[in-house]
């Protein structure tokens, strides 16, 4: 019962944290306009890149250390990771200052505190503190939204910069608050230089490999950078808004997947669900894939414009295409969960890299056509990996039978 209760709390927190930014969309679309939303999307693309190199997946390193070695010297890893983040982040801030890029300065500073915050969330999750974890997560989202509204109502110019500044202040406030609470509860044991050195190499060895994994997620945001430099901010605004709205479906798909995976793994362990069942379900789910796009197709665009503002004429097309690529996650999850069950991380990484390569190949060709064709790069990337996953899962099943 405790497991179900904690899972429910995590799920509620996850959905609540994801819902608030979507509820903010109509406000942002009206305040920033199409061009402003496009510019904001362009700058926000750099935030995950900065987090990758400044953070080196410290949240994952902390979680692994806790489960493998326990919590006795967990603070050593936390403090060493924070020192690394401040050092690399400091260099990034110095570079932005020399280049006189105020917005990039804010983004690097925001990335530093986002790393701090993700580590604090990881600690709470490891220690099964579901309510504090959810409280921090929801507080961060609500503070972010409240500060955004406050800044955009108070100022009339440079609104994109003010939105980024609101994100920064929110990250700083919640990260510092959660760290102060953590400091009060942790034993401030003294560590020696050699121990810090060992912890540093642990973080580097773990995080360096994860750069490639997380880098594939960033690469899928490159379309926004290309569009910003090749087309207009207004076209990027429509494109980014379409992707943002379609992402709502992704949140629900991943939330349902997160809830069902424990039951799926249990059925696989019992043998009541086999790979042939997953293959059949994956194939049948292809019938579901076009449904969200078809439903959106019959929705009058006036309804969307009422929601987003009259300047977003044409956004419906992008929502339809991005919903198609997002829906392709359903057959993908049926297959990739089988690999997760058998711990085939190399095969999963290979599929991620291959899907990214298909996406980049398609993007490289479509970027020289028209902006309306660029979303199909995501569709091709999601669709192209399915036959490969089918063959890999089949091979994994054969190897499992051979070893048993």
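The backbone N, Cα and C atoms fix where each Cβ goes, and this holds for glycine too.
Quantities reported herein were computed from a predicted structural model and do not represent experimental measurements.
Taken from Swiss-Prot as is:
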{"type": "TRANSMEM", "residues": "9-29", "note": "transmembrane segment"}
{"type": "TRANSMEM", "residues": "36-56", "note": "transmembrane segment"}
{"type": "TRANSMEM", "residues": "76-96", "note": "transmembrane segment"}
{"type": "TRANSMEM", "residues": "103-123", "note": "transmembrane segment"}
{"type": "TRANSMEM", "residues": "135-155", "note": "transmembrane segment"}
{"type": "TRANSMEM", "residues": "162-182", "note": "transmembrane segment"}
{"type": "TRANSMEM", "residues": "199-219", "note": "transmembrane segment"}
{"type": "TRANSMEM", "residues": "236-256", "note": "transmembrane segment"}
{"type": "TRANSMEM", "residues": "288-308", "note": "transmembrane segment"}
{"type": "TRANSMEM", "residues": "319-339", "note": "transmembrane segment"}
{"type": "TRANSMEM", "residues": "366-386", "note": "transmembrane segment"}
Practice item. Kindly say whether the transmembrane segment (103-123) and the transmembrane segment (162-182) touch, using the definition of 3 or more Cβ pairs under 8 Å where each pair is 6 or more positions apart. Key: yes
Check your understanding: What parts of the chain pack near the transmembrane segment (135-155), using Cβ distances under 8 Å and only residues at least 6 beyond its ends?
Key -> 13-14, 16-17, 20-21, 23-24, 27-28, 31, 117, 120-121, 124, 162-163, 165-167, 169-171, 173-174, 178
Exercise for review: Using Cβ atoms only, state whether the transmembrane segment (9-29) and the transmembrane segment (236-256) have three or more pairs under 8 Å that are 6 or more apart in sequence.
Suggested key: yes
Check your understanding: Against which stretches of its own chain does the transmembrane segment (288-308) lie, if we need a Cβ under 8 Å and a gap of at least six residues from its ends?
Key -> 25-26, 29-30, 241, 249, 315-316, 319-321, 323-324, 326-328, 330-331
Check your understanding: Is the transmembrane segment (199-219) close to the transmembrane segment (76-96), in the sense of at least 3 CB pairs under 8 angstroms with a sequence gap of 6 or more?
Key -> yes
Review point. Based on Cβ pairs under 8 Å, which of the stretches 36-56, 162-182, 199-219, 319-339, 366-386 lies most in contact with the transmembrane segment (236-256)?
Key: 319-339
**Study point:** Interface present between the transmembrane segment (199-219) and the transmembrane segment (319-339) (three or more C-beta pairs under 8 A)
**Key:** no
Study note, to complete from the structure: Same-chain residues at least 6 beyond the ends of the transmembrane segment (366-386) with a Cβ under 8 Å from one of its Cβ atoms are 220, 223, 226-227, 230-231, 235, 239, 242-243, 282, 317-318, 321-322, 324-325, 328-329, 331-332, 335, 351, 354-356, 358-359
